[in-house]
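Here is the structure we will look at, set down as structure tokens.
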Amino acid sequence: MAKQYDMVECPFCDEVSKYEKLAKIGQGTFGEVFKAKHRQTGKKVALKKVLMENEKEGFPITALREIKILQLLKHENVVNLIEICRTKASPYNRCKGSIYLVFDFCEHDLAGLLSNTHVKFTLSEIKKVMQMLLNGLYYIHRNKILHRDMKAANVLITRDGVLKLADFGLARAFSLAKNSQPNRYTNRVVTLWYRPPELLLGERDYGPPIDLWGGGCIMAEMWTRSPIMQGNTEQHQLTLISQLCGSITPEVWPNVDKYELYQKLELPKGQKRKVKDRLKAYVKDPYALDLIDKLLVLDPAQRIDSDDALNHDFFWSDPMPSDLKNMLSTHNQSMFEYLAPPRRRGGHMPQQPANQGRNPAATNQTEFDRVF
């Protein structure tokens, strides 16, 4: 059971009634998110209701951790926490008030934008998206915070074209292992389709490379418009990773055989790395292909970090990164994954390019081949 902290009454918080809810824009295991406006100023905000699973036990430690992290992080490319609000305890809510986190409102999330076929990103605009995303990661990692849930739905974009990393509900502080004692963080983090191979193999002493893998998945998605590896289970996800990034072996990933799961699981053997080959039907820019390839490296120790990624030729070659504001100004409606038609399995799932010369039956990949 998660530790809890008895802070439900939150006596120093304003009442959430100062805001008027306008629309529900998100729903998940974390609770609900609403678009709202300040009744006096008209300022638009997002209200994230803290899910009180075990109300008797007080305020969830996971929410406290998120609040503490958001109060620490102040950066243009990280979502801004304005304040914490509450509802009054009353007989109508079993004498238990609710807690809301109040954020600056962002008009879109990246999953919602990618689900809309009318939204077209130019190469310059994709460069700007990735530059802002990597800037956000560089900042949080420099402040010793791991996001641990990188995915397109957690990347917000304002109407002015400013990207904000959001949903720090799974985030945590990290440190370098001390006195040869490895860290023992949970590996049950990161949405499956964006989860890196080290977590899938059970690693608990991990760091910033887990977020960079998610960044690579998101970067590829800017062209494919759907998550590039849609596994059903952890083993299935590792199979898809092996089919795209090559077989997981000690030759490409030293000491990978230390993982108990590596010994237990039957992972595809003899798979060649084909990140660039599989993506080149969608991604025409060679620098973009190279950066995606460097982000989707199996061995976390060899995966590119945010600093080196920001210095990659992709960002310093023509066309240069360009502002998103003009493109977004042609779209009046907010776009969020929650409000969009499914873009996942089936949806706009990109198909395997026809001229690959591959026989799925012969390679026994029919069941697993959900990459493209």
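Note that Cβ sites are derived from N, Cα and C of the backbone, with glycine treated the same way.
Annotated in Swiss-Prot:
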| type | residues | note |
| --- | --- | --- |
| DOMAIN | 19-315 | domain 'Protein kinase' |
| BINDING | ILE25, GLY26, GLN27, GLY28, THR29, PHE30, GLY31, GLU32, VAL33, LYS48 | ATP binding site |
| ACT_SITE | ASP149 | active site, proton acceptor |
| REGION | 341-372 | region 'Disordered' |
| COMPBIAS | 352-366 | compositional bias 'Polar residues' |
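Within 10 Å of the C-beta of GLN27 (ATP binding site) there are 10 other C-beta atoms, taking all protein chains into account. DSSP assigns GLY31 (ATP binding site) to a strand in the three-state reduction. Here the Cα atom of VAL33 (ATP binding site) is found 17 Å from that of ASP149 (active site, proton acceptor). Cα spacing between ASP149 (active site, proton acceptor) and GLN27 (ATP binding site): 16 Å, rounded to the nearest whole number. Mean pLDDT, taken over the domain 'Protein kinase' (19-315), works out to 93 on the 0 to 100 scale. Under the three-state DSSP scheme, ASP149 (active site, proton acceptor) falls in the coil class. Within the same chain, the residues at least 6 positions away from ILE25 (ATP binding site) whose Cβ sits under 8 Å from its Cβ are VAL33, PHE34, LYS35, ALA46, SER334, PHE336, TYR338, LEU339, listed in sequence order. In the shown protein chains, 22 other C-beta atoms lie within 10 A of the C-beta of ASP149 (active site, proton acceptor). A simple Cβ count within 10 Å picks out one of the binding-site residues GLY31, VAL33 as the most packed, and that one is VAL33.
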